[in-house]
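The block underneath contains the structure these notes are about, expressed in C-alpha cells.
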Amino acid sequence: MPSNKSVSDAPIVQFTNCRILRGHQLLREDLWVREGKILNPEKLFFDEKGSADVQLDCKDSIITPGFIDVQINGGFGVDFSLATDDFKSGIDLVSQKILSHGVTSFCPTLVTSPPSVYHQVLPQISVKNGGAHGAGILGAHLEGPFISKEKKGAHPEHCLRTFEAGAFQDLLATYGSLDCVRIVTLAPEMRRSSEVIRELTKRGICVSLGHSVANLSQAEEAVQHGATFITHLFNAMLPFHHRDPGIVGLLTSDKIPTGRRVFYGMISDGIHTNPAALRIAHRAHPKGLVLVTDAIAGMGLAPGRHTLGQQVVEIDGLNTYIAGTKTLSGSVATMDTCVRHFQEATGCSVETALEAASLHPAQLLGIEHKKGTLNYDSDADFLMLNDNLYVQATYIAGKEVWRRDASGM
C-alpha cells in the first residue's frame, strides 16, 4: 500500500515486537514515528491510506519515554557551577554522555554560587532540543543561594543570601538573568519569599522548596503562592515530626489548592534516602514522585576528589562528601540506576518506576503534551530497555542517538 505523499514525504518508521508504555500500562503494540513525532496508526491507515517505509524489530524490548533529569549538577568531570571558558563544551559533553543512561532532556543545575558565577554561566546555557549531539536542555535549575544556613548541606555558607527589601530585584541582580531558568530552589521560611515565589511563578518558572527549616504552614503558604516542587525530599530539611511534619507534610496536606499537585524529587541511589523512607514517600503520594540524580562532576569517574561549585568533594564508593566531612554532597548515580533502585526498593510496577523518571518530571515542568509520554503527536524521545530496565538504545525525535554495542558497552 503506497504512502499518501500529499500528506508528508517524510519516511514513516514502525517499531514492532515491543511493549510500549502508554496510559500507565505496558501495551503490546507497535510504535509509529514520522518527522520526530509519535504517529497515530489509525489516522495513517484510514485517512492517509499510508503504511510504514521502514520496519524495525525491537526484539521484545520495553519502549518507554526518555528520562528527564531536573536536578543534575554535572558529570564526567564537568561541574555546571564552575565558570570556565569552555563551559559550553562541558555542557555538551554531559548532554552526550547521559544519553547512554536514558536521559533525553535535563535541567543543568547550579548550586549556591557567587553572583559572578551566575552572570558568567547562565548566558552560556540555552534551551535547545536534543539530538545526535546529546540530550535536550530544558533550562537551568538554580538551587540557592536563597536557602537556609542551618540546612545548607554542601552549599558554601559564605555565598548564601537572604531577601532584602525589593526581594525580587535582589534575586534578579544575583542571577543576572532569568531567560534560561526553569526551576529555582529556595527556603520558604525566609522573609519576603512569598513575593518572590509569586513573581517567579508569574514568569513560568517552577519554584521548589528545599534546603530549608520551614514548618508545614510555611510550606503550605509557599504552595498557595505557586510553589510546586520539593528539592530532594528528606535531604536538607527538618526531619518528619508527628506534631509538625515540616515540608515532608506537603505530601498529605489538605491545604494544597484544588487542581494543584505538589511534586517532590527523590535521589534514589540507596544512600541519600533509606529504602523504607522511599517507600513511605511513594505510598503517601505516588503521583508526585520525581526521580532526580543530583549528580555531580564525579559521576562516571573513578573515586577521588572533584568539585561541586565552590567546594571540594570526595567520592568514596557511591558516597560523596564535602572533603574532610561526612556531609553528603550530591550523588554519582545515573538516572537508569535510580529507576532500577526505586523499582526494587518500593516493589512498585515497572510502569510506575519509569513514569517517575519521565511522565512526572514532564508534568512538573508543564511539558507533558510533548515530553514524558508516548501519546500521539508527542515528541518521539524514547528508550529501548530490556526486562531488567537496562538501556539498550536511546532515540530523540525518532532517531537513534545511542545504542549499547554487542559487548554491552
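The chain as shown is numbered from 1 upward.
Here the Cβ of each residue, glycine as well, is placed from N, Cα and C on the backbone.
Not measured: the values here are computed from a predicted model.
Under the heading domain 'Amidohydrolase-related', TrEMBL lists 62-401.
Annotated Zn(2+) binding site per TrEMBL: E143, H211, H232, in sequence order. For E143 (Zn(2+) binding site), applying a Cβ distance below 8 Å and a minimum sequence separation of six or more within one chain yields Q71, T109, L110, V111, T112, H155, T185, S208, G210, H211, T231.
The Cβ of G330 (substrate binding site) has N73, A154, D294, A295, I296, L308, V313, T320 as same-chain neighbours under 8 Å, each 6 or more residues away in sequence. The substrate binding site annotation in TrEMBL covers A154, N235, A236, R243, H272, L328, S329, G330.
Residues or ranges marked as active site, proton donor/acceptor by TrEMBL: D294.
The Cβ of N235 (substrate binding site) has G153, I267, H272, T273, L328 as same-chain neighbours under 8 Å, each 6 or more residues away in sequence.
Taking the centre of the Cβ atoms of E143, H211, H232 as the Zn(2+) site, the nearby residues of that chain (Cβ within 8 Å, site residues left out) are Q71, V111, G144, I147, G153, H155, T185, S208, G210, T231, N235, A236. Within 10 Å of the C-beta of H232 (Zn(2+) binding site) there are 25 other C-beta atoms, taking all protein chains into account.
A154 (substrate binding site) has a Cβ environment of 24 other Cβ atoms inside 10 Å.
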